[in-house]
Amino acid sequence: MTKNTALTIFMVVLVIEMVMEETQGDTCHEYLYPEKCENNQCNSECATKFKEVGVFGFCVPPRSEPTEQFCICSYNC
């Protein structure tokens with residue numbers, strides 16, 4: 001019984017470590033839709049929302065309507 005418990009705990013720890021390695025170092029993106037997108041405003045909104053170092057945001061026009069823009073926040077996962 002002790003072997004099974006020890007093996008189960010080892011496997012759970014191994015799986016958790018593998019999941020953490022997969023997400024470390026990746027860049028995630030989230031979209032914000034302000035009424036009027038400006039790069040400085042977008043960048044500050046992203047920094048406020050995620051409260052991390054290395055977060056940045058920029059405005060991008062969507063494919064369908066080039067007059068409206070949205071903000072892309074990029075941050076470390």
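Note that Cβ sites are derived from N, Cα and C of the backbone, with glycine treated the same way.
Now, the feature entries from Swiss-Prot:
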type: DISULFID; residues: CYS28-CYS77; note: disulfide bond
type: DISULFID; residues: CYS37-CYS59; note: disulfide bond
type: DISULFID; residues: CYS42-CYS71; note: disulfide bond
type: DISULFID; residues: CYS46-CYS73; note: disulfide bond
type: SIGNAL; residues: 1-25; note: signal peptide
Candidate disulfide-bonded residues CYS28, CYS37, CYS59, CYS77, pick with smallest Cα gap to CYS71 (disulfide bond): CYS59
Chain-internal residues near CYS73 (disulfide bond), provided their CB is under 8 angstroms and they sit 6+ positions away: HIS29, GLU30, TYR31, LEU32, CYS42, GLU45, CYS46, LYS49, PHE50, VAL55, PHE56, GLY57
Sparsest-packed among the disulfide-bonded residues, when each Cβ's other Cβ atoms within 10 Å are tallied, from CYS71, CYS77: CYS77
Where CYS71 (disulfide bond) falls in three-state DSSP terms: strand
Rounded Cα-Cα span from CYS59 (disulfide bond) to CYS28 (disulfide bond), Å: 16
Spatial neighbours, same chain, of CYS59 (disulfide bond) - Cβ under 8 Å, 6+ residues apart: CYS37, GLU38, ASN39, CYS42, GLN69, PHE70, CYS71, ILE72
